[in-house]
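Trainee: Attaching a single structure in structure tokens format; questions to follow.
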Amino acid sequence: MLAWIWLHLLVVDIANQYLGSSIVEDAVNKPWRPMPAGRLTVPEARNLIRVAIVAALGLSIFLGSFLPSTTLMTMIWLYNDLEGSSVGPFVRNLLNAAGLACFGWGAVCVLLSGGTGDGNVLRDWLLLTAVVVLTTVHIQDLPDEEGDRARKRQTVPLVYGEGWARWSVAIVASFWSLICPAFWRVPLPYAVAPLVISSAMGAMILLGNSRSSSELGWKLWCLWVTVIFLLPLVSNSCT
């Protein structure tokens, strides 16, 4: 499973960075990345992603997770090559949500050797986590406004305002921090973990207006989503 996730993450990382518009953005927001820093050329990145895609698809056939893999590749293509990440906030968030859902779908298929166990529960959980991401992932755009503006990317902070973006994440994340543990009937004290993290994240992005506080808020979001995805492991429904 870890190999499957790692290979597909490699494809995502390269696809997010090797196009011209991505390099322009990274030169402002993340100049330490390989291409703006001059450690990797575009032709080298293109060759690397070709190998990574073939390897990821081949491994997916072997592990019984080909459909999640091809669906994820489609989302990557729409997000990067067709500029789905830039045409509008909803499309950007939707593709992010679909991509992360594909990672969860593929990981479960690998763990269950191509099966999906209780199909209804898996479907409902994947849909729920996708909506969680859809409604909160624009926190990633808060520290990247300068580069997004240079790229002419339409994100929630740039289209609707930074204040709306911050408050929407803080409020909606707290809501999901109650709903997701309830979905799995998670016992205390595990059930409060998402709420504690989302509260810290909300405080960080609401009380701090600097790029560093936005970066920390984004990292807390990543931790929060990780905890959300791990909730089935401590579920009373699975015992």
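Quick reminder: no glycine exception, Cβ is built from N, Cα and C everywhere.
Quick caveat, the model's predicted, so the values are computed rather than measured.
Marked as signal peptide by TrEMBL: 1-17. Sequence annotations record features per position, and here TrEMBL assigns transmembrane segment to 48-78, 90-113, 164-184, 190-209, 216-234.
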Trainee: Go through 48-78, 90-113, 164-184, 190-209 and flag the stretch with the largest number of C-beta pairs under 8 Å relative to the transmembrane segment (216-234).
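Mentor: Answer is 190-209, with the largest number of Cβ pairs below 8 Å.
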Trainee: Quickly jot the same-chain residues contacting the transmembrane segment (164-184) by Cβ under 8 Å, restricted to those at least six beyond its ends, or write none.
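Mentor: Those are 124-125, 128-129, 132, 135-136, 138-139, 141-142, 156-157, 190-191, 194-195, 197-199, 201-202, 205-206, 217, 221, 224, 228, 231-232, 234-238, in sequence order.
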